[in-house]
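A.B. asks: Okay, here's the structure, questions in a sec.
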Amino acid sequence: MVNTHFLILFLLLFRILQSPSPSVAASPSDHRYHIGKHLPFFVNTVGPFNNPSETYEYYDLPFCQPEPIVRKKESLGEVLKGDRLCNALYEIKFRENKINETLCQKWINVDEVASFKEAINRDYYFQFYLDDLPFWGFIGKLEEDSWSPAGGGTKYYLFTHVQFDVLFNGDQVIEVNAFGDPNRAIDISNDVDVDVKFTYSVTWNATALHFENRMDRYSRTSLLPMYRQVHWFSFINSTIIILLLVGLLALLYTRQLKSDLKKFSNANEEDKEVGWKSIHADAFRHPPNSSLLFALVGIGTQLLILLFVLLFLGFIGTLYPYSRGGLLNYLVLLYALSTVFAGYSSASFYSQFVGNGWERSVSLAAILYTGPVFVIASILNIIAISYGATTALPFGSIIVILVIFIVLAIPLLMFGGVVGYRFRIEFQGPSSAKRYPREIQQLAWYRRTPFQMFIGGLVPFSAIVLQLHQVYASMWGYKIYTLSSILFVTFITAIVIIAFVNIGLTYIQLSVEDHEWWWRSVLCGGSTAIFMFGYCIYFYVRSNMSGFLQLSFFFGYNACFCYAFFLIFASISFRVSLLFVRHIYHAVKRE
C-alpha cells in the first residue's frame, strides 16, 4: 500500500514538473505543417545583453500587444529559468512570405519613449520562440553623432521593422533568425511623443538540414571550431600531466607505507609506539559534533549521486541544449528523490561510530544544504520582485516546491535514515579507545589546518579550472556547454586527485601523532570549493555584468553552487581518508 502511494505521488509530481504543451513540445513526429498553416509563435523576455539574470516580460516595454495577452502554461523548470512565454500579434504561416506586414500603429508618449531609450542604452535584446526554436534580436541601437554642427551627442534608434528569415525542410521548420532593420529605425533621441508604425517581414528558404539536427546550430555558435580544438588539446594535455602526478604520488605513498609497516614489525616494543602507530587507540575516537559531521557526509553523498545522474543524462542526450527548463525540472525532482541517500549515509555512519541518536544527524542533513539555499533564494526572490524581473518566482511555484520538499523529500530522507540505522555495520576498531584522548603536540605552521586546506584545495582546483571557466560561461553567458563527456572525465579526475591528496595529508597528520583527522579531512577536501568561489569573483570582475540585481544573483547562486561542491568534495575526502586509516591500522593489527 505504501509503495503504491509513493508511486502515484511520484507520477503526479513528475507530471507537474513536466507540464508539456502539445503545441510546442519538440518531437520529430510532430511539428509537421501544411502550407499556410499557422505556426506557434511566442514572445518571451527582454533584458540587457550583459546581464543574463536580469530579464523582464516582453510586454513590460510598450510594444504592440494582443488583446488579451495569453500566457503559455509552463513547467516548473521554465518558471525557475525565468521564461514567461506569451502570445503575440505576429502571424507566421508555413512557407508563406510576407513583406512589410503591419503589426500595429502605435502612439508612444514621453514616458514610453524614455523606457525605450533606457532599454536601448543598456543593450536590451528580446527572445522569441517559433515552433519551439529560440531566437534573439536587439530592439534598437545607439549612435554617436559627433559630426553634426550642433556638437554631436548620442542618438537613440528604435527598430520598427523585424525581418524573420526561416529555413524549412519538407514540411518542418529547421531554423529561424530575426533582425532589426537599421535602415528602418526611428529616432527617439528627443523626449517627445512619437507615432510609430511597427512592421515585419517573413522570408522562407529551403535547407538540406534534417529536423533531428536543427538544435546543432546553437552548439556550434557557442564554441568556434578553432577554439574547440584548442580546448580539446588543453584538456588532454592537462589530464595526462595530472594522471602522471597522481601515479607518482600513489607510488610514493605505497612505498612509504610499506616502509613504515616493515619498520613497526621489526622494531622493539618501545620503538613500535611512535608515529601514527602510537595513536591507534585515538584514531577512531568519534569526533566532536559528530551529528553535524555525518550529516555533512550524508548530504555530500546525495549531491554526488545527483551530479552523476545529471552528467549521465547529459551524456545520453536526455538533457539537450535549449530543452527549456529541462535541467531544472530534473534537478528539482532528482534532488527530492535522492534525499534517501542522505538519510541512509548520515544514519549509517552515526550509528556505526556513535550509536543511538541518529535522528539528530538525519534532521541536520535535511537543512544543511536546503536551509542556506532557501534563505539565499528567498532574498534573491525579494530582490527580483522589487525589480519586476521574470526571475522572481510566482507564489504558485513556491508552493509546488514546498509541497515536493515536504511530501516527497522529507519522507524519503527519514526512510533512508531508518534503513541506514537498521542495516548499519558494527565498527570494530584495532583497539579500544582510552578514557582520555592523547595530547597533541604543538605543530609547525605547515602542518596546521589552514595550510593543509590551501594545498588540499589548490591542487584539485588547478585540474578543473579550465572546465570551470566553460561552466561559468555557460551559466552566466550565452555559451552552451555540450561536451558533457569532457565534464564527466574532468570530474572523475578531480575526485581521484582529491582522494590521493587527502590520503597524503591524512598520513602526514597521523605521522606527527595528531589523531583529529576527521574534521580536517572534511575541510581539506572541501577547500577546493573555496578556490572555485574565488574564481567566481575573478570571472565577474572580467565580465561586463553590472547592476545590483545581476550582482546579487551571480554571487548568491554561485555561493549555492560552490557550497554544493564543498559538501561533495568533503564527503569524498572523508570517505577515502576513513578507508585509508582503517587500512593502515588493520594492517598493523594483523602484524
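Quick reminder: no glycine exception, Cβ is built from N, Cα and C everywhere.
TrEMBL lists 1-25 with the feature signal peptide. Residues or ranges marked as transmembrane segment in TrEMBL: 232-253, 292-316, 328-350, 362-389, 395-421, 451-468, 480-505, 517-541, 553-581.
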A.B. asks: Verify whether three or more Cβ pairs under 8 angstroms connect the transmembrane segment (517-541) with the transmembrane segment (395-421), leaving out any pair fewer than 6 apart in sequence.
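C.D. replies: Not in contact, no.
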A.B. asks: So if I exclude everything within five residues of the ends of the transmembrane segment (362-389), which remaining residues of that chain have a CB under 8 angstroms from its CBs? That is, six or more out.
C.D. replies: 53-56, 60, 82, 291-292, 295-296, 298-299, 302-303, 339, 342-343, 346-347, 398, 405, 409-410, 413-414, 416-417, 548-549, 552-553, 556-557, 559-560, 563-564, 567
A.B. asks: The transmembrane segment (292-316): which same-chain residues, six or more beyond its ends, come within Cβ distance under 8 Å?
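C.D. replies: Answer is 327, 330-331, 334-335, 338-339, 341-347, 349-350, 353, 361-365, 368-369, 484-485, 487-488, 491, 518-519, 522, 564, 567-572, 574-575.
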A.B. asks: I'm a bit unsure how to read this: which one of 328-350, 517-541, 553-581 has the highest number of Cβ pairs shorter than 8 Å with the transmembrane segment (451-468)?
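C.D. replies: Against the transmembrane segment (451-468), the leading stretch is 517-541.
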A.B. asks: Is the transmembrane segment (328-350) packed against any residues at least 6 beyond its ends, judged by a Cβ distance under 8 Å, and which are they?
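C.D. replies: Residues packing against the transmembrane segment (328-350) from afar: 10, 13-14, 17-18, 75-78, 80-81, 290-291, 294-295, 297-299, 301-303, 305-306, 309-310, 313, 318-319, 357-358, 361-362, 364-366, 401, 404-405, 408-410, 412-421, 423-425.
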